[in-house]
């Protein structure tokens, strides 16, 4: 076996002559002395187990010429196609079911909002899974700190220096390397379809260049598939900026890592794992379920300078990496973690493969001693990487999607079963509802006729009561009109312009006062009576329509923003517009005043005696009139006998009085002298002078007392008589108007309630008509639910077959 190992090493180094046997033996001794935990010891153990197959895999040229048909990655390709087909059926099924559930929710409240949202969430969930499954490749993402050699590792696996690498921060954006069908390499920037020469990657992705891209931007590099077997099998490499460059790790993961199948953490073997590197993969493990992670301790060639502490450092790094994968991330067990930690030199491997491409032996690219071990370790990483993809990718990726597909179909089937049961119950409820509606409509029509008769009678009685109360209250207020007018305190002046304003304000005062007094006496009681009647109407109508929605509608129509208020339209401005005051001074004991006072009494007697006179004229007797009981001496000034006066009309009597007064006024001087002469001869001059002096004093007193106050009192007295006469004329009209307002209020309320009941009855009739159609729809829904349940069973059977063919044999 030692000879086999020496021969394999010689094939790698290019030295096969016997002169190098000592060197080969020295190399073998180095392998033996490296200890059981070293990479070469692990490689030696693997060699002894796998024999010549392992030796063939160690040859760098062998993987370049592997047949694509025999690649283990083809299992993944076939499985991916099958699971994509199944998920296409699942997506169609989920869309069909969700559309049906949404329509069912709109037609009848069988499905609640939470269930409907859950069905809709399956649409997005399946679409997200399909988006991952429909990729044409597997993605491998490389992460690590700045200048740890991520780009160098990808270049070594691609066997050419494609990505920028070197000292310092080299990769400033995400670079995605994927296979192209053509023989030329090109690149495309994010948001552009222009194909650029791959040489320009140094100008687009290098941080040292003036024209640099954003850290989260993506540059896609298309490399010929035939130049790398991994690209030929649709594997994509993603190079990233250093995790310590930007704090936007969540954006990086969301934009570039959610669909990654394998993550490679590239560490610097000269230092320990940093918090930034750990934090990034902690975030990845939170967003992805158990990601596949490989850890490469790069730049291990630096350990050749300190061979005495090489093993202790390696053991320390290995232990920390295993603890990170098992205890912190919990993505693998210790055995799997130990198989995913490697110590390599990417730069050295890249140089060796470049020399190999030139036809030179690989060892010409060696940087330090121990090249063979590091080179074998890198080959071991590539082999384990392919095995992980071919053996684990299908299981870790598709098994989860298969289980989720079963879970989706199973959950939907269970929910559909529950909905089917609820529809059955709902159908029974609909049938019972139909029977209840029929009975309710018949009872409503009968009770509606009875309530209408009772409410009409109640409105009629209330209207009569209101008319009587308003008439009585208004008459009482008219009787107290003098008190109301005395309360008016506006300054009075007999000037015509001022007097017109005074009358206008007095009319407004009377109208306001009467209205206020009537409202104080009647409005509260009337409003309470009206509200009580409306409440009774509403309660009676609500008893006819117990539906909550109709009750709310009728209540909204009846409720007023303000209580009912009676409007008393007196309109004193127009009513007393014909009032004409008489503010001229009149001596109360003057001849004209005496005549007017006498004629006034005569008018009163004539008004009282006029009906008797009419009766006497209409009686059969007509011949002789009965003598008057009033003696002639009671009216010495009147020149006509009482029977004649009793037969004179008021218009004729007024004309006679005016003529007498005017005659006396025109002949006052002569008449006065005649009367004075007669009285002088009859009673003597002393008595006449005394009476004249007394008469003059009385006249002078009344004349001096005729002030604005006296004029105002006279004006108000005249206004009271005039307003009382006018207001009594509208008592019946006002009371009728108020009763009409009450009638309108109650009638409109009852009419609205009747319309509400009629609407409810119409709705119930319409509901009866729609119940049969709803029952037919429910039957159709039950048939559709059965069909959807059968489709769910079919999908579960398809997933069982997929697991048996692709997941169980693995």
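Glycine residues also receive a Cβ, built from the backbone N, Cα and C atoms like all the rest.
Swiss-Prot annotations:
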type: BINDING; residues: 147, 148, 149, 150, 151, 152, 298, 299, 300, 301, 345; note: GTP binding site
type: COILED; residues: 427-476; note: coiled coil
type: COILED; residues: 759-806; note: coiled coil
type: COMPBIAS; residues: 20-32; note: compositional bias 'Basic and acidic residues'
type: DOMAIN; residues: 134-382; note: domain 'Dynamin-type G'
type: REGION; residues: 13-40; note: region 'Disordered'
type: REGION; residues: 144-151; note: region 'G1 motif'
type: REGION; residues: 298-301; note: region 'G4 motif'
type: REGION; residues: 609-630; note: region 'Disordered'
type: TOPO_DOM; residues: 649-668; note: topological domain 'Mitochondrial intermembrane'
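Just so you know, of the binding-site residues 151, 345, the Cβ with the fewest other Cβ atoms around it within 10 Å is the one at 151.
With the fewest other C-beta atoms within 10 Å around its C-beta, 147 stands out among the binding-site residues 147, 298. The domain 'Dynamin-type G' (134-382) scores a mean pLDDT of 83 in the predicted structure. The Cβ of residue 300 (GTP binding site) has 269, 343, 344, 345, 374, 377 as same-chain neighbours under 8 Å, each 6 or more residues away in sequence. DSSP assigns residue 298 (GTP binding site) to a strand. Here GTP is bound by 147, 148, 149, 150, 151, 152, 298, 299, 300, 301, 345 per the record. The longest Cα to Cα distance in that group is 17 Å.
Listed in sequence order, 165, 266, 268, 298, 299, 346, 347 are the same-chain residues six or more apart from residue 149 (GTP binding site) with CB atoms under 8 A from its CB. Assigned with DSSP, the residues of the region 'G1 motif' (144-151) fall into helix, strand and coil as follows: 2 helix, 0 strand, 6 coil.
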